[in-house]
Amino acid sequence: MTNYFESPFKGKLLTEQVKNPNIKVGRYSYYSGYYHGHSFDDCARYLLPDRDDVDQLIIGSFCSIGSGAAFIMAGNQGHRYDWVSSFPFFYMNEEPAFAKSVDAFQRAGDTVIGSDVWIGSEAMIMPGIKIGHGAVIGSRALVAKDVEPYTIVGGNPAKSIRKRFSEEEISMLLDMAWWDWPLEQIKEAMPFLCSSGIASLYRRWQGTSA
């Protein structure tokens, strides 16, 4: 099978890959999938991608997504563990014995990934999860609960390891929301973005936005 990626050292922007209308992506977010060989569309695990009522995968800007990351979509995918059987009879209703089966599909709500989020290789995000801006998801983490902004999580199930910055610094970053700035403003702020000088960037931003 031909590898969708030419090199393990360079990802591709999601805007260049995504064809599924249920996946919404921001600017400059990328997927580096060389070691798994497929485009980002295959990272979103939909049961029926053309259904009108499926949950959406919404990804912000400037996100970094490692090879083999998976987003489990389409709600419960037709399995009801509160019924006698979790088997999805409805999706095999061409079988006469299953003709009276009921569609067990339930939405979980949209999966929303904030901006400037780093998702490690082979991490798995469960349905309906919300991941805050600036979060870091460790490789092979199984994320079954929402993740707060600028929080590093890892493990199975994923648990909080630590915050990236102090609460005051996180408040500054969320207030600035640099990922929404025009490119020219980002260009001018690049020396600050590539440093740990959050307070300095915040003071500069306050001066330009006054």
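Glycine is treated like the rest: Cβ placed from N, Cα and C.
So that you can see what the record holds, here are the features copied from Swiss-Prot:
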type	residues	note
ACT_SITE	His79	active site
So His79 (active site), by the Cβ count within 10 Å over all chains shown, scores 15
His79 (active site) -> DSSP, reduced to three states, gives coil
